[in-house]
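Read the structure below first, then the notes.
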């Protein structure tokens, strides 16, 4: 009976009291005093209705608790109750996170999971480059997933200068240390000058070859770090996608069904292949069920797993393994070898060529790109769009009007549109579509494009054509209807684009960027 009463009391207490939060709740009255008085503090500007804010909340709370021992504080501001404060801090969407040092702010650019926030803020608490002693050396090499240490005879050594510059540019990404301490150098088992990258995965450490140390620059040092800072064959998700995207290397995806019992065996089978191409191609495995749509975007023709594809991100080209044949370590090795030698042709997505294309705006598909866009006899104005893009939908009627006004000059000017989600650009295009809509002008006889950066009014688009035409295209004399005028006005001041990845969980890159809701 006594136990039941105690247990019942505990339930009542649990229902009545909410656990104390380690996240400071700031408002108009407390904000300035708090951030001005802290050497380092992370502030989240949020709205209670924001879905991304709700998803971040438990991660943010966990990070605040973990960082409490280090004296690093996390705070939040409810922008629905402190609108003026949020406006004064340049908040344009939710959540917005900012790092403050004695009242001076900069955008937070780290992960949104607890361990990532902790790692990022620990780096912020340190100087860009930490000077190590024999006593601090061992612990420092374990303080983060990737730690870079230079062992030098003097602070004036070329290696010391290189790591200082690298640390200044990449303090948000990695931990950097330098030491002249004999005990630390001995503990590392190196002879100065030397550079070692310590990591919590794969082989645990990588030493920069002595010949590379002699010729080191900050650029070569950063390249070495980027090459070795990602695991040999890790699972990719929104949390680590940016690390691979920033590496500058092609990304090889191994699509696996995580519910299958042979998943670990498959990873082990392909690990030696990943090792063979280390530094040339990054390898990852990906949840084929969760990211099946990403497989389609990478030109995999069917949901058949396992599957493999090389994504040449720098050039926006895809090289999928033939899904009608067995996927083996040998076949993947052969594919990557062919890709690196330049003998493998990319698979380009293309919609079917339209049966009729006589309208004022030409509908371009991928297979026709070179034929249509690089027709030397014509100026070309192209819109690359996505069906889900709101800005593109608002531009559509204006784009049709533009085509109609130049319809009698099709022999000189082609105005076209292309769905960039279902059609790939060939390598010959020399373009990367980073946002929608993207508008480009290709003058007659040229292979280069002129970016359109004006507003999306009919008048501005006409002016752009007239300023760039090589075919002496005549300026039309429009007679807009009442509805056309309203449509043009609606888009007159719009210049924003939407990122080339929709904000959904469909792809790792989308998961990585779907962390912000516009006001």
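The count begins at 1 with the first shown residue.
Even glycines carry a Cβ here, placed using N, Cα and C.
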Of 418-468, 469-519, which range does TrEMBL call region 'Disordered'? 469-519
Site of maximum Cβ density within 10 Å, from disulfide-bonded residues 53, 389: 53
How many helix, strand and coil residues does the domain 'Thioredoxin' (339-470) contain under DSSP? 44 helix, 25 strand, 63 coil
Per-state residue totals over the domain 'Thioredoxin' (11-126) - DSSP helix, strand, coil: 50 helix, 28 strand, 38 coil
Calculate the distance in Å between the alpha carbons (Cα) of residue 53 (disulfide bond) and residue 389 (disulfide bond), and round it to a whole number. 23
